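Undergrad: Take this structure, written in structure tokens, and hold onto it; I'll ask about it next.
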Amino acid sequence: MDNLITQIREIFKDDHINTEDIKRVLEAYKSNPLDWQKYAHFDPHKYTRNLVDIGNGKYNMLILCWGPGMGSSIHDHTNSHCFVKVLEGSLLETRFSWPDPDKSDEPMQETDRDEHPINGVTYMSDELGLHRMENPSHSDNAVTLHLYIPPFEHCQIFDERTGRKAQSAVTFFTKYGEKVDYRGSKLGRTFTLSSSSATPSSSSMSIMNRKVLFAALVAVILLVGVECARKKNRNRDKNERPRNQQDNEEENRFESKDEGRAERREKPEREREKFSNKNEQDEESEEKEEDKNKANKTANPKRIRRTQHIHRLDERVAEDSDLKTRKLRRNNNLLQQGGRHREDNLKRTKERNTKEITESVKGQNQKDKHTHTHNTNRRLRREEKLKRTKEVNSRQN
């Protein structure tokens, strides 16, 4: 691995670099696990990007460790050149064309698919399109060597179903064989791309970015607090209005209750007055009846008996008339009902008779037709027999 690093550094001493020279050097190197074993660090949840050489800011050499079935999202390379050499296992590369900006939410078009074996070398750039790298094996690990010229800090990832893109930062899992304290950001499924060289300027920029992010978070928190306070005030106003309405309604209810209580208090007095008036009227009527009875007692007893007998007769006559009227009504109802039943029975009998007549006529017509056809057939048969006998006789003669 040290020999490979020195060869690539010699190529980058010149200002003009030939990509074919880099590819030739990578193809000439034969993978030996003893060379790159100290840089190969795996993670059970994602594939890892391990920095080997920063190349004085001109390139980044990395070793990527892929667990079984792990892969990257579809991504670009931010106008950088990308060389990949397989050190262990195999790597499946799927290439896609750039999505059309005029056509939104359309699936991306696959242009090529190739599986690179151990010691295989491939090249990729934004001019050739986009690609996705993955370990096709579900049981074995894969290790690859990547060379990015120049290094980059951010890249774009794409959704295969819609073609939508998103910006994503890239970091390292280890540097020079030692694990980095911060955790790398995930890219798609488990994808992270290389960042630039760890120079003082880049570290100061990262500190500035952290400060800016912290200030932005504080501003967002303040805005959220202000919005929450406004919402609380609005809710209070909304709650106070119905409370005032409820208070007014309760006051009206209490007033109505007071009025009802006053009416209830007045009711017994009115009832007492009515009861007293009724008692007075009853007393007067009783006095009148007593006066009448006294007058009747003083009158002739024969007349009293006659009048009583007459009243009884009148009551009996009235009862008899009521009975007669009831009987007449009942008889009329029965007659009406009987007439209706008779009419219904007559209609039913007429319908039955008409049906029977029509059916008999139809049956007779069918019989007549049958007899007519039978007679015609018999006549035709006889005529045919006569013809045949005549022909036979003529032949014999």
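Note: Cβ is positioned from N, Cα and C throughout, glycine not excepted.
Those TrEMBL annotations? Automatic predictions, nothing curated.
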Undergrad: Out of HIS16, HIS131, HIS138, HIS154, which one does TrEMBL list together with HIS75, HIS77 for Fe cation?
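TA: Checking HIS16, HIS131, HIS138, HIS154 against TrEMBL: the Fe cation site match is HIS131.
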Undergrad: Going by DSSP assignments with H, G and I as helix and E and B as strand, what are the residue counts for the compositional bias 'Basic and acidic residues' (340-359)?
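TA: Secondary-structure breakdown of the compositional bias 'Basic and acidic residues' (340-359): 20 helix, 0 strand, 0 coil.
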Undergrad: Could you give me the DSSP helix, strand and coil counts for the compositional bias 'Basic and acidic residues' (381-397)?
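TA: Counting residues per DSSP class in the compositional bias 'Basic and acidic residues' (381-397), I get 16 helix, 0 strand, 1 coil.
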